[in-house]
Amino acid sequence: MINTHITLPGLDLKNPVMPASGTFGFGDVPAAKKFDLNDLGAMVIKTTTPKATSGNPQPQIAVLDDGVLNSVGLTNPGVDQVISEKLVPLRKQYPNLPIMASVGGDSESDYVEVAKKLSDSDLVNALEINVSCPNVAQGGMSFGVHPDVVEELTKKIKDVVDVPIYVKLTPNVTDIVAIAQAAEKGGADGISMINTVLGMDIDVQTRRPVLGHNVGGLSGEAVKPIAIRMISQVYQNVTLPIIGMGGISSAEDVIKFMLAGASAVAVGTAHFNDSIASKHIADSLPAELEKLGIDDINDLVGQVKFN
């Protein structure tokens, strides 16, 4: 019997596969009704903010040859409604499923408020801190690009929550290791990486960017080598477990990410082509491991053999 069980802070996973935040809503998208979410390792919900947000101007999504460019924004009904209208029914339907909530905001106080409310709800097992949000107090620069800001934000959140926190790193930085180390220093229990890579595409007929917001986050196949490289770098320089993401679309990809240093993975853009990709990947993982002669998936973590 092949072991796919993974134990992470706050998350007891039957397998390492979960949907990436924003790609499965609050467990209420049509695809989530096509299978039992207990078939996944965990459920990660859409980023939640203090008040309701409506997202960015249309068009918000552009499908490219090798990925997806999106500027959806953090559309959500606000933390109080997320708890009462989304998390309560999700937890009622899935009492034993590990649930990770994603936290966002425009200020440190926003993050602290949302994190505390979600932690106090007793409905989630862990929090993912989305530090790619623009920091209004710093002129709109992402929270996640300054190590000192990440460290301070992590500390403030840790002070008010009772569940483990995973800091989600943006790849749009010069030195991602410094950001990961800052999260570790601030008391993070884990790292989640990578978020989308900033990009833009242009319609040559109109000469306008294809997204209403002009720029957006690139995800999918195109970012996979970037994600693998960054995960490997961070794994070698911090002691925290890593949830890896960035272009995963197969069980073989899961193995690649784990060899680079991820202990678990999140599937996002693959759901555009296959609405239940995360389930299909989780289901096919044991056979892929057997093909490679691997009895315990935990033995893969960080075991890439460098040339």
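Each Cβ is built from the backbone N, Cα and C atoms, and glycine gets one as well.
The FMN binding site annotation in Swiss-Prot covers Ser21, Lys46, Thr47, Asn130, Lys168, Ile194, Gly220, Gly246, Gly247, Gly268, Thr269, and the record cites similarity to another entry as its basis. If you look up Swiss-Prot, you'll see Lys46, Asn70, Ser71, Val72, Gly73, Leu74, Asn130, Asn195, Thr196 marked as substrate binding site, on the strength of similarity to another entry. Sequence annotations record features per position, and here Swiss-Prot assigns active site, nucleophile to Cys133.
Cα spacing between Thr47 (FMN binding site) and Gly73 (substrate binding site): 9 Å, rounded to the nearest whole number.
Least packed by the Cβ count within 10 Å, out of the binding-site residues Gly73, Gly220, Gly247, is Gly73. Here the Cα atom of Ser71 (substrate binding site) is found 12 Å from that of the residue listed as 'active site, nucleophile'.
In this structure the residues listed as binding substrate are Lys46, Asn70, Ser71, Val72, Gly73, Leu74, Asn130, Asn195, Thr196; their two most distant Cα atoms lie 16 Å apart. The sparsest Cβ neighbourhood within 10 Å, among the listed binding-site residues (Lys46, Lys168), is found at Lys46.
If you take the Cα of Ser21 (FMN binding site) and the Cα of Lys46 (substrate binding site), they are about 5 angstrom apart, rounded to a whole number. In sequence order, Thr196 are the recorded positions from Lys46, Gly73, Asn130, Cys133, Thr196 with a C-alpha within 10 Å of the C-alpha of Gly220 (FMN binding site). Cα of Thr196 (substrate binding site) to Cα of Gly247 (FMN binding site): a span of 10 Å. Following the DSSP three-state reduction, the secondary structure of Thr269 (FMN binding site) is helix. Between the alpha carbons (Cα) of Lys168 (FMN binding site) and Cys133 (active site, nucleophile) lies a span of roughly 11 Å. A sphere of 10 angstroms centred on the C-beta of Thr269 (FMN binding site) encloses 26 other C-beta atoms.
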